[in-house]
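K.L.:
Got a structure for you, questions after.
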């Protein structure tokens, strides 16, 4: 199989193209919106490579498939920050921290002094947290640009050869069990605060994360709403994200708001990815909130299927 | 089995649909527990769009939409009207929240909203406190079921005021009563049923458990045990021991 057309230039489409190119196949890529940008949900992601933290609510497969993600991204031009994840809770939400610790692995409990040593900006105000030393994060837009480099994206044209449909939520026309899970995020600039790693702040209503993007820029995310609506960020979401950030560090009150973003993540009912082969089309979809974490593994599976004919994990339909 | 507004439901467990790790796990929890009613939020916290509502309808049990997240009479009434259109049911779980940290019901606004909705043909399930006079006012407003809290929503503290819940039961022997909110463990749910309550409504305790499906089943079993125990007319607690073997007539071992 040497003639392959990928539909969709989001994180998964580009990761599959990259995997194929590594195996000597140069696929065509068609996306009516062209290069990655605000039209796709990959653009708005947090970029956390945090399989252990995700396992609080995700299936064990997510931890396993995400294990090599950081290495893959680094090998393909993304700058991965390996500083771990710090999970914190305000003292009144201490029970949330205990639950999170119980539900996840690969962490150690850190004291107020440990927290101050890891992130001096936070001081010793927070008495206890969890540190996931092996985790990391990347900047999604830089990572997308690195994958795109050297790939040609057509905005129109007829697909030829084997079709790989990686259109995300747009593939609902063919995948009726795909649904959208809305997320809202914000990018702020706050040079007074110097955090070096992803911080998650647990709260019974608003689980917030802050991902540093360098130069005093931070991504705040993200809401999780069972709807595919892509309308603009609501006042409620903005208030929730900002007040949680402010609770973590009062200097965030002075931040400049650079961006507000909202989009819908493509997900299947069990929130796990799927590969589906129907005739000449291979559908790859459903990365849910794990786009950058799972794209490498799912892309590898898709490329193996195309080049070796293997039937990958998470292939639930196979009608060649 | 409990009868709400003339409709008998198949199981006294009323289960919420928010906060599960995935819709697939939610559906499994419903199947494992045999829950009689699915509650669903219309507003954004835990609520959802068309796809999610289709998943809820796919559970094939009666749906009780709620007005979670509403802070005023007007918001609650508007949300109830939307719910009636979306789910094609006159049932509405009426929540009017006073304070975001305790999610304490605003009972004054609740009574007013209950009257407006009852007059408009809704069958209202009010989320209330165990206060006798508030409950009396809700019945006056047209409610034919009462849903007092066990403890604040999501707190998992169980029944904070068993005395108050018992006296509510005694005061309104013929009104269907549901303990709504605060359940953390199956023993809490069993206790509510032992008090003679007709049903238990819970969500977080199942959705946020490490194994939602197993916990849903545990809750259903506890509710069944509590219901059986209440019907079996349990003994009264007493201060002194009461031997279960007669003292007289013991064999004389000499």
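Every residue, even glycine, has its Cβ placed from backbone N, Cα and C.
According to TrEMBL:
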DOMAIN    B:5-246  domain 'Thiazole synthase ThiG'
ACT_SITE  B:93  active site, schiff-base intermediate with DXP
BINDING   B:154, B:181, B:182, B:203, B:204  1-deoxy-D-xylulose 5-phosphate binding site
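Quick one: where do these features end up spatially?
P.N.:
Under DSSP, residue B:93 (active site, schiff-base intermediate with DXP) is assigned to a strand (E or B) in the three-state scheme.
Here the Cβ of residue B:204 (1-deoxy-D-xylulose 5-phosphate binding site) has 20 other Cβ atoms within 10 Å, regardless of which shown protein chain they belong to.
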K.L.:
Setting B:154, B:181, B:182, B:203, B:204 aside, what same-chain residues sit with their Cβ within 8 Å of the center of the Cβ atoms that define the 1-deoxy-D-xylulose 5-phosphate site, listed in sequence order?
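P.N.:
So the extra residues in range turn out to be B:16, B:151, B:152, B:153, B:155, B:156, B:183, B:202, B:205.
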K.L.:
Which of B:93, B:154, B:181 has the fewest nearby Cβ atoms, counting only those within 10 Å, among these recorded positions?
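P.N.:
Among the recorded positions B:93, B:154, B:181, the lowest count of other Cβ atoms within 10 Å belongs to B:154.
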K.L.:
I'd like to know which binding-site residues lie near chain A: of B:154, B:181, B:182, which have a CB under 8 A from one of its CB atoms?
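P.N.:
Near chain A, the qualifying binding-site residues are B:154.
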K.L.:
Measuring Cα to Cα, how many Å separate residue B:181 (1-deoxy-D-xylulose 5-phosphate binding site) from residue B:93 (active site, schiff-base intermediate with DXP)?
P.N.:
12
K.L.:
Which chain-mates of residue B:203 (1-deoxy-D-xylulose 5-phosphate binding site) that are at least 6 residues away have a CB under 8 A from its CB, listed by sequence?
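P.N.:
For residue B:203 (1-deoxy-D-xylulose 5-phosphate binding site), the qualifying residues are B:15, B:16, B:17, B:18, B:19, B:39, B:154.
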K.L.:
Please report how many Å separate the Cα atom of residue B:93 (active site, schiff-base intermediate with DXP) from that of residue B:182 (1-deoxy-D-xylulose 5-phosphate binding site), as a whole number.
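P.N.:
Residue B:93 (active site, schiff-base intermediate with DXP) and residue B:182 (1-deoxy-D-xylulose 5-phosphate binding site) have their Cα atoms 16 Å apart.
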